[in-house]
Each structure stands twice: as structure tokens, then as C-alpha cells.
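Quick look at what TrEMBL annotates:
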type	residues	note
DOMAIN	A:160-277	domain 'Aminotransferase class V'
DOMAIN	A:350-451	domain 'Glycine dehydrogenase C-terminal'
MOD_RES	A:Lys270	N6-(pyridoxal phosphate)lysine
Amino acid sequence: MRTEPLLFELGAPGRRGYTLPECDVPGKVEDYLPAAACRRADAALPELSEVEVVRHFTHLASMNYGVDTGFYPLGSCTMKYNPKVNEAVAALPGFTNLHPLVPVEAAQGALELMYNLQEYLAEITGMDAVTLQPAAGAHGEFTGLAIIAAYHQSRGDLERRQVLVPDSAHGTNPASAAMAGLEVVQIPSDERGLVDLEALQAAVGPRTAALMLTNPNTLGLFESDIEAMADLVHAAGGLLYYDGANLNAIMGITRPGDMGFDVVHLNLHKTFAAPHGGGGPGSGPVGVKKHLAAFLPVPVVARDDAGRYYLDYDRPQTIGRIRSFYGNFGVMVRAYAYIRTLGASGLKEASEQAVLNANYMLARLRPYFKVPFDRVCKHEFVIAPPKEVNEAGVHTLDIAKRLLDYGFHAPTIYFPLIVHEAMMIEPTETEPKETLDAFCDALIAIAKEAVEDPEVLHQAPHNTPVRRLDEVGAARNPVLRWQGK
Amino acid sequence: MEFPTNLYYSKDHEWVEVEGNRARIGITDYAQESLGDIVFVELPQVGDELAAGDSFGVVESVKSASDVYAPVGGKVVAVNEALLDSPQDINADPYGKGWMIELEMSDPAEVEDLMDAGAYRQLVKEEKGE
């Protein structure tokens, strides 16, 4: 397979894609601008013809791998297929041509969509009020924690600065807590792969601001003690924060609000099929129970008695504005279309199918891999290479690289941190059985190769445009810009 | 994998070498192997006061970034600044050139709460699921 040079390495001096019309302003730029504002030397821009530019980007696009090209089982990330009808809806000119500063009277349709989406998300999560503003999951976490901190402060409860985070948590949880100025306390998992209740009991107290938890957790296991955990934390005066990264396992079956959570963030770019990865944009709405609604960021999309929609800024206890304008509106349109297309029964079926797919794969892989916490899983599961593979000197990284040769995106690796050599696989609901089987077959074949010919894995990938990258060299000695010949 | 018998070990995979009331601290062979190639190290300042369990630094590999915790409390009296330029010393020689800090222990009895080589070897076995 070929690689593609950089734009700067293509073309020739003087070559142009198109010709600008002659300048109708007399004189030169220097005649109009102070000397300090003028370039001393010409910008070293690439010089190419139009067809060279088109071919360059077409080559790059053909090397891209996404959910539209193949299976993408990145655990915890929910890289689900994004139905094309959502794109068509989001591209409607009524949405794309809407300026964020038009008066609300001229944006009633967009506001109605946002209002309804708030209501749907509240219903799906069992919450009372929702903000659509956060631009991504971690931004949602930060917003949720700011709301929790504001709640405790409003009650004069100033000592609550600790956020309890299980050791299986997403790395963003402790990071968001630290960003919000709170102190992180780690809670260990027990031998079931669930939160250690005794350790939680020992950690909660008058300094507990909140427990952050995802359920199912990052091992893909349902925290069956969730009600006892909620009681423990609430009895101590703390709140429960739900990381919505794993909501795809439970839609229509159970709700964070019913489990006792006070705050939840969602990832529209995961669970609600908005495009994901490649820099976004994402969307991380936050839902809260009644007692926290006053602290939501402004503006909140509201409806008056006459059925008109408006942006409510009159909320004295708000944590303030956390995003320019109203969040990533285009992502909301896609999520709205997704929810309306599937309906309540369709969302439930999506979760059921996601869980079934994961359990099917786990059952197929169980005889060939180590399953550290072997129970019925939810929408994702964690396995590790068997002993004989490790003894052959082959690591999870080598297996992940070898999967590329078989034409698959690798699963999440080395996460969660509590499993040695972890591989975390999340198939999502839309994959046909043939794809699940092909991926399992590839993993099983690779486990066999690892023992018979470990070098093949150490050298992998073999069939990609570039071979194994020197990640260590890149991290220790980063070269961050192109410097020419 | 090495488990020197003259050292104490924490459940967070740090080792402690005790000499009088001074404690030299680093991460274990198992820890460096699990992290993979280490590319960045963050160390405390000489003079910092640490309680047992406090995070005193960060080791970052291409796989992940991990806090490193003080297995015992005390005042930082030396840090291995060579690691800032050559973090790979931790991979190559975790119990020697890869040492991270030295503490003047505030309560030398705290080492009694740590594991010996045999107990730590057992913990590693369990973590690897063997």
C-alpha cells in the first residue's frame, strides 16, 4: 500500500489551482498598511494545480478507516453507525442557515427541537431537567460537578470537596473533578469487578461531595448494588453523578434517575448516533433532579403558557454560561432525528441488541482468551490474552496491531486500568452476525499465530500504509511541524 | 521479573529501600513492565512534605499516565533529576538508576505496613490473573 506525501512536498513553484481576478485597488498593499503589519517574506504556501489537490485529499480519504468502512469495536466509545437520514435532516436549510443571534420569534422551530430533546433525554434518563449546552462528555462532567459544588455551597455545606471515583472509572472522571477544584478519592473494585461496598462505606462522610459512577461500569458489568450505594452516599449527604458513557446498555430498561442518581451526563455522539471521533463536534447534555434544576447553566430552553419557546436567563442560582450560544446545535438535530426514528420501543431494542451482540462475542471468545470477570456482560466486555500468548512474549498491543492486518479497527486496549493487558470490545447494536463472527475468527486466529509465530505479531501491522509507528520515539522526541528539506 | 528481598513494597507498586530514617522510593519491575516504555516523569521538589498515600509524581508511558504514591510519609530530601532527561532508566533499571525520590521519614514505623518481597510477588501473581 502506498502512503501520501504532504501537500508541501507536492507541486512546483508558480503552479496554481486557479487565477484571481486582477486587483481593482490601485497600488500595493504596502501603500495602505503600516510596515509592521506587512510580511517581510512571502508565505511559504504549497503551490499545486487543482487536480493535484483533489487527488491528494482523495488518496487520504481512501486511507481513512471509519464506521462506514468497517467494524469499529472501540470499547467504552460506542462507535455506532450513524444513520444517513440524520445527516439529511441536519442539512435542512432551515437549520443550517439559522443565525444564532436571530430573535427567538424567528427560531421557534429550532427552540422547539431543543426543548423536545431536553424532554426526551429527561424521560430516557429519569431526570427532571436537562441542559444541552456542554460540547462533549468531559465538558458535561465538568458542568455536572460545578452544579453539585454550587448545590452544596448554596446550603452552606462548604466542607464537601471530595469526589469518590471507582478505580475502574473513565479517566475523565478524576480529571473533571480536579478541573472543578475538587479532591479525588479512589474507591477500589472487589473480586466481582464491582465497586467495593465496604471501601465505599469507609470513604463516605461529611466531606463527600459526590460519587461518580458509570453503570454498567467500564468492565461492561452492571453495578447490582447500585441502590445500596445510592443510599450510602445520600445518607452521608453526598450526591450521585452518572457518567453516561455506557447508557447504550440500558435505554428503555432502567434509568439512572430510578437508580438514585442526581446528575447525569450523556454523550449524544455515542448513544444517540451523532458522528463521533475525528475531533467532533460532540455534545454532552446534563440532566439533573429537581433539587438541582436551579443551578443549570443559562440559557435554558423554556416554553411559556402560550406555547412559545424562549431562552430563560432569569435563573439567579445558575452556575452561569458554560458554552458560547446554545451548544452544538447540529449534533442535537441528529440525536433528535435518531430518537424520533427509533421511538421508545426502538431505543429499547437498540440496547437489547447491543447487549446481545456483546454477549455473543464473549461466548465465542471465552474458550480462547482470559475473561477476568466472567459474568453475563452488558454492551461491552473485557478480555485479556491467555497465558500461553503472554509466555510467547506477545502483548495486547501486538494483537491490536495484528487486527489491522485483518482489516478491523482494534478494540480499546489497556483500559480499564484494573485489568492487566486488557482488551475492551464493544460491538454496538447495528453489526450483523457475520461481522461479529469475522472479528471473533480473526482474534482466535491471531491468538493461535501468537503462539506459533510470535514475530508476525511483533512486526504487525504488515498491510497498512505505514507499519508500526514508533510511539515511544514520538513521545520522547516529538517533531511537531514540517520543516522542509 | 525481579523482586529484591531487601526492599519493602506497596500495593500501588512502589518499592522502598530503608537506610536509617531515610527511604529511597521508586516503582517496581512489574509496574514498569505494565506501563511499557516510560516517556515522561514528574517529580516533587526537595523540601516537599508528604504523608503516606500522597501522590508525589507522575510516570507517563505511551499506554497511560499514572500517579505515584508515597508508601511512607516524610520530607523529600533528594529527587532523581536524571529521570527528567532519561525516563527510560526506570524501564532499564527500576531498582537502581530508576529510583525516584528519597524521603526523611516522619514515622519509620510506617514501613511495617508495607509488604515484603514474598507478599508482593503474590500480589503481582493475583493481578496478572495467574
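Quick reminder: no glycine exception, Cβ is built from N, Cα and C everywhere.
Heads up, TrEMBL stuff is auto-annotated, nobody curated it.
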Tally of DSSP helical, extended and coil residues in the domain 'Aminotransferase class V' (A:160-277): 35 helix, 26 strand, 57 coil
Rounded mean pLDDT for the residues that make up the domain 'Aminotransferase class V' (A:160-277): 95
Spatial neighbours, same chain, of A:Lys270 (N6-(pyridoxal phosphate)lysine) - Cβ under 8 Å, 6+ residues apart: A:Cys77, A:Thr78, A:Lys80, A:Gly137, A:Ala245, A:Leu247, A:Asn248, A:His276
